[in-house]
């Protein structure tokens, strides 16, 4: 129950004016209002965390709490330099929390460079000031290597670090193939020059490649590492029916890498394929093909057709050759037969001459076609002495021949020999023939009866047909009639 003051300004029972009590009563009785504001922070949220002290450094203030806008300053002891901000401020962020700005924590670094640790090397000096160069010596068999090959120097920096810090290297530790081991510890990153590595394989494996490797002066190995292969890398080779196989190298107790197997067949059988070898390569037989033996008399499909085709070709070739030979033989026989019919062997030599015509055993010389149509001609037989023959040829060149039925030439001149003379008329034919015949003392000459018969025959012919040219009655034997 509230007590109100009177008009005289009396106080209430609480010792306050009555109007104040009325205002307080109104505030307590009115409904609450909606107000937007920052959340109320706790005590821990109203201060920044302690930034701490840098090693070999000092902080100001060294104690106390850091409220908003508080400042902390840092410095380093002698011989050390500050790295980072020299002061930081406690700042409120957008989310209402407090924190240091800048947030990087400063540190104090030694102004001298500490000697670095380099494996397989000895560092000469223990204290290095900024700008000093590092002096080291590598162990025997190792060589110094710099990251920057152009500088070839390591310098102490102002922050106490080393620039272009070198290393001492040898040959890098070689790889260990599977199923093998070597005489180098696994903890060694590199080995000195001249080191020899000995590789060995576990039981059941065979070494393929060099057994020893040496580290060369140029920091590379003398050869590539070997590998260990399974001694029985390949399974049993496939068997074939009616055959067997043999190994190279012999005997076939293990089928290691590189083993060659040669197949063969039992007597009476042969391999169907020409290739009969397989090789063990990395645990597999190569080439992978099916081999089998077949009987020798077995013929493959198409073999009979090819055989018939071969016989056909051979038969056709033989028939063609025989026909050609038969034609050649027939032509030769026909040619010989024609020659034998034209000039039999028992005929005198005079009949074989195409310019001689034998009439009742008398050889009569025949003129050529040009001589027959040009004039009269009379020539002694071929068995006259050479002198008479030359005179007859001389007479033939000077005077054209005359035949019965034609007027004798006015320019005919008797030959010097007297053996051959021109026949100007039919009445002189007998005398001309008598002059042409050789004497009875000449071998092979004709007797008087034969001469008389020849003269009589020619006179009868001339008297019967005085106007007929002898060249028209006597057939000319041309060169074309020799061939059949």
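Placed from the backbone N, Cα and C atoms, the Cβ positions cover glycine too.
These come from Swiss-Prot:
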type	residues	note
COMPBIAS	424-442	compositional bias 'Polar residues'
COMPBIAS	449-467	compositional bias 'Polar residues'
COMPBIAS	470-484	compositional bias 'Acidic residues'
DISULFID	48-90	disulfide bond
DISULFID	76-108	disulfide bond
DISULFID	113-156	disulfide bond
DISULFID	138-168	disulfide bond
DISULFID	171-215	disulfide bond
DISULFID	201-228	disulfide bond
DISULFID	234-280	disulfide bond
DISULFID	265-293	disulfide bond
DOMAIN	46-110	domain 'Sushi 1'
DOMAIN	111-168	domain 'Sushi 2'
DOMAIN	169-230	domain 'Sushi 3'
CARBOHYD	95	N-linked glycosylation site
CARBOHYD	125	N-linked glycosylation site
CARBOHYD	183	N-linked glycosylation site
SIGNAL	1-35	signal peptide
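Feature map: Swiss-Prot annotations on the structure.
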residue: 76; record: disulfide bond; Cβ neighbours (10 Å): 21
residue: 95; record: N-linked glycosylation site; Cβ neighbours (10 Å): 6
residue: 113; record: disulfide bond; Cβ neighbours (10 Å): 24
residue: 138; record: disulfide bond; Cβ neighbours (10 Å): 20
residue: 171; record: disulfide bond; Cβ neighbours (10 Å): 24
residue: 183; record: N-linked glycosylation site; Cβ neighbours (10 Å): 10
residue: 215; record: disulfide bond; Cβ neighbours (10 Å): 22
residue: 228; record: disulfide bond; Cβ neighbours (10 Å): 20
residue: 234; record: disulfide bond; Cβ neighbours (10 Å): 22
residue: 293; record: disulfide bond; Cβ neighbours (10 Å): 19
Mapped DSSP class for residue 95 (N-linked glycosylation site), helix or strand or coil: coil
Segment-level pLDDT (mean, integer) for the domain 'Sushi 1' (46-110): 88
Rounded distance in angstrom between the Cα atoms of residue 95 (N-linked glycosylation site) and residue 48 (disulfide bond): 14
Nearest-integer angstrom distance between the alpha carbons (Cα) of residue 48 (disulfide bond) and residue 108 (disulfide bond): 22
Cβ-Cβ distance under 8 Å to residue 90 (disulfide bond), same chain, at least six residues away: 47, 48, 66, 67, 68, 69, 70, 71, 72, 98, 99, 100
Cβ-Cβ neighbours of residue 156 (disulfide bond) (radius 10 Å): 22
Inter-residue C-alpha distance, residue 108 (disulfide bond) and residue 265 (disulfide bond) (nearest angstrom): 90
Rounded to the nearest Å - Cα separation of residue 201 (disulfide bond) and residue 183 (N-linked glycosylation site): 12
